[in-house]
């Protein structure tokens, strides 16, 4: 292990330090860190709604044999409205808040008015957002949530750079020193704001004339090419979900066509075949086949703690990290990670645009998929013949999705151990990389930040 860590340090450490000081990458990282209160609050209520208030058929507690009467279930379902409202105000507006914090963080890197840049980023985001839902004059929630976060990232970075460009050229209104600072500050952002929002308004108008909008173009550019990879759908999903997440794109939502359109129907076909013949052996004897890439297989053996098998990362942090911030994030992310919700670790560490975590985050899922396929074709685990809740903890999900296979439970736990081992050396490297980045800012760094 020490040789592996030494090799990774030699290759990754200089690169990680250099990337860690890159203003745009740093702005994205710091922006997501500031979003963490929203992320954590939203994730907790997703957990409460999908696990602790769910007792109907197909729920976690139902799978454990716990049954409640219909009136109690209806009452609990009604209480989910509380968590739903919190979700709408947290994870449901991630794409709206991302440009504010990212634009603000980049403005701080550039040594210009951060608050003005952040506010203009939000205004620019809403300027290019269509105000129509059917016949109604309204903003669609789909533009504000996690599925559209790449738009928020792009707009936050672009607006902050435009703001910097304008301010550095003194295209601002300057008031006498006798005017209060708060008033002077507001007027200094007037001309930059007018120019930036005019540009965004023209872009929105032009795209609307062509029957589309900025957000839709971003989504189509991501989703359409990947959804066409039907022949290799399983591997495409396993590889591209974490890859998209690394760049701030909600991978699972971007590839919904593969999930809902192909892999979930495969799971339903497996269940129907199992129900018809009563057992996997009887179905195989009758010449029937089962789909290995059914969606619950991914949830059970690959997405351990969420995309990128981040429950393994949390465990690796507890084992190897000495960084107080990493350990605190891991503590906060563990409860939701156990139930397959990993936004706290994705945005809190963050993993997004983190150069040290790129390799393990993207590679861990294909490795776990290969192990799972090997176990399946060797006859160690049976195919998926049930659909347990996606929030089922690691091991239990595999057990229920295979209708009680202990071998499946053990393979899932083995995969979790492998994921932890994959992340371990990178957690150690991250410790040293951050120590180098956290050194006192030099005069040269300040001078570089002021360049455009």
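Each Cβ is built from the backbone N, Cα and C atoms, and glycine gets one as well.
Keep in mind it's a predicted model, so treat the numbers as computed, not measured.
Annotated range for transmembrane segment in Swiss-Prot, selecting from 279-299, 300-320: 300-320. Given the ranges 229-249, 250-270, the record in Swiss-Prot names 229-249 as transmembrane segment. As annotated in Swiss-Prot, transmembrane segment covers the listed stretch 147-167 rather than the other ranges in 63-83, 147-167.
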